[in-house]
């Protein structure tokens, strides 16, 4: 009540922000005349003038009005496009590190040139982030003439480029690229072995186009670089044969047993074995030789089998072909639930992708091991300043504020919106709904209006396509299977009577122009004459006027999405730049959203109204129930994303520590002081194992210490003899004497090969050990994360336990790094400078090969790229052993009882 009164008196926060920026727009407009009067040389010289003023202490905010006026004038001269006042406001919103919500067709790409130009003046680099390589290249090529006219360089980073090309792109004033590529390059840079191999200059300022898609829809998508783990494809096949023998049960009433072997929860996308299911699965596994007689499925050694059963059940009962994935060229390709696009190279994790491959009876790719990872949430929070643009952000304003600290400002449209949004029509069954959609399409086509039909899955788009073919209606289908044709089909989707079926939301980033796109028609001609171009324009103008007179583009939604924002994106395709248009959603009680979240409430309403087959309900109560269901799903998804962030923040803190350590090592030519410090710590810790601090001589284990010193540091020290010969030796002096002996042994090796070679060797060993153990640590963190929910059964807070145990794992990793670095450098004898250079060359080659295969992962997944080659773990190191070579599967000579490859052989 009070807030609504206050809003009437003071205006909303959004209105106040727009009003404040309106004053700056006035100043920019006042400068327009004087800037327009400048000749070409004087206008171009402004960039250097601004840079000089920045160096003298002026701020970007002080330069903003003049810089925006210069960018606007350059746009007029180079591209024939003048920024509207609302576009100037959009530019200010972006410069201030906020999100600008701008409707479809309002010129977001042109708006970005204003803050990009201003912030590029600092020379620190500006990143413009898009959702795919096509848009990155298109936008860079489109805006490059404007930037280059003003003396700024433009680069593009896309997948498949070599390191040199990427370094050049990042060295540019402005760099365009995709969210995936920026994130992967960050990870690759933190796996490099020298500073010269790093591509990025840092994270200064980023403008994220389609910010809702990248920071919200893909927030649950980890970016992971991985290598292969052990092959278990045969096990997936065997388990896949057993799953059809299990009977699905319905969730029981409280206290009642499950009638079946397992239950499925579609909301959380999980499956759970019942008591009878556990017993039956154990019988099946034993019968097929996968479980020892009398063994329990829950024994620690068999948890992997339980994991395989769970993945197979999910593959069969929660993931459907042509909805969640398609099979293409003998591979399972994920379909993005938000856009309907395929995502080649991405794989579900935790064995799910392999289980689906087994289900589809195609080649099973190997599982993988994480080498480096982050999330989009944490990557984009690295930027000093982050901004974004989209047509639909206001519904997620709370999440942008909570997670990223970004405010959303809704920018007014340049022209008022004329689109009509009709109420939803709800039917009892899917068949009735689709028949109503077909009738609507037929009716609209007879009016010579274009129709865009949005579907939630490939399956639905193909079903609708088959119905339209039966009715003899010409149409285009745009889904994950035909995304190569995307831009062309969308460009012509505004022609009179054109019917286009698209999954959500194919063609995003390309406007549907009423009457079709005349520029696309011109582009199809090899060498068009002015007369041909004039004719194409005239024909287009006729079609354009015809469509506007008929009522503009009609958008039909065949299903409500879980997120209102995705529905608004579909609606936003119609009514661009003040054009007329209309939208309508058709629903049924059998739709996923209705069935899982809203069916009972709506069904009761429909029964109360006495609905008959073929009839539709159009009522505010129904719309409210649907909106409530969507809010419920949005809230659940927000909780999932927030929970992911809370868990990943733990790993993120550790990631920062490790990456800073790597950068410090790479930036330093001489790390001998660091080596000396950790050598002292490691020797002291080793001595303490056998001679506890403040203990008496009778408690000392001198033979064990002598053996350990030889094993760990390669020194044969007569400790017992020292003690016998010098009765004054006590715990502290003995510790110092041992350390000195280890140091002396190391110095002797250094004298043989030279200090510079040894310094280089120390760096390479430290980086190699750090990377190897960090990789193992990431795997351990994955395992910890997968099982941490079980702590809840012990009345413990899983998040707190995760933080505590993750810290312990990290502390253990740091201790192991120290120990292994010292052990390796003490056990080797470097021979030649040439061998050091060969080590560096091989390592870079292996890294380059690995980087080429880096892939993004899908939500609820960890990346699995079966072709990635695991980095060689020390096998190329140019050293000669001082001891006899031990087989990897033989017992370790240190006496630990472990296999050599799992103990001291880990780094050799």
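Heads up, the Cβ atoms here are built off N, Cα and C, so glycines get one too.
The model shown is predicted, which means the values in this text are computed figures rather than measured ones.
Taken verbatim from Swiss-Prot:
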{"type": "BINDING", "residues": "87, 105, 106, 107, 108, 109, 511", "note": "ATP binding site"}
{"type": "BINDING", "residues": "892, 894, 903, 904", "note": "Zn(2+) binding site"}
{"type": "COMPBIAS", "residues": "559-570", "note": "compositional bias 'Basic and acidic residues'"}
{"type": "COMPBIAS", "residues": "847-856", "note": "compositional bias 'Low complexity'"}
{"type": "COMPBIAS", "residues": "862-873", "note": "compositional bias 'Acidic residues'"}
{"type": "COMPBIAS", "residues": "898-908", "note": "compositional bias 'Basic residues'"}
{"type": "REGION", "residues": "559-582", "note": "region 'Disordered'"}
{"type": "REGION", "residues": "841-908", "note": "region 'Disordered'"}
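A map of Swiss-Prot features onto the structure.
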{"residue": "87", "record": "ATP binding site", "DSSP (3 states)": "helix"}
{"residue": "105", "record": "ATP binding site", "DSSP (3 states)": "coil"}
{"residue": "511", "record": "ATP binding site", "DSSP (3 states)": "coil"}
Fill in the blank from the handout: Residues outside the region 'Disordered' (559-582) whose C-beta sits under 8 Å from one of its C-beta atoms, at least 6 past its ends, are 103-106, 212, 216, 338, 391-393, 395-396, 413-422, 424, 452, 454-456, 460, 504-505, 508, 511-512, 514, 548, 551-553, 591-594, 626-627, 630-631, 633-634, 637
Handout entry: Diameter of the ATP binding set by C-alpha atoms, the set being 87, 105, 106, 107, 108, 109, 511, in angstrom
Key = 17
Completion exercise
Same-chain residues at least 6 positions away from residue 109 (ATP binding site) with a Cβ under 8 Å from its Cβ, in sequence order, are 139, 142, 143, 209
Practice task
Taking the recorded ATP site as 87, 105, 106, 107, 108, 109, 511, identify the other residues of that chain whose CB atom sits within 8 Å of the mean position of the site's CB atoms, giving them in sequence order.
Solution key: 102, 104, 110, 111
Practice task
On the DSSP side of things, how many residues of the region 'Disordered' (559-582) fall into helix, strand and coil, could you say?
Solution key: 11 helix, 3 strand, 10 coil
Handout entry: Count of other CB atoms lying within 10 Å of the CB belonging to residue 511 (ATP binding site)
Key = 17
Problem - Spatial neighbours of residue 107 (ATP binding site) that are distant in sequence (at least 6 apart) but have CB under 8 A - result: 81, 84, 87
Fill in the blank from the handout: residue 105 (ATP binding site), Cβ-centred 10 Å count of other Cβ atoms over all protein chains shown, is 20
Practice task
Run through the Cβ atoms and count how many others sit within 10 Å of the one on residue 108 (ATP binding site).
Solution key: 24
Problem - Among 87, 106, which are binding-site residues, the residue with the most C-beta atoms within 10 angstroms of its C-beta - result: 87
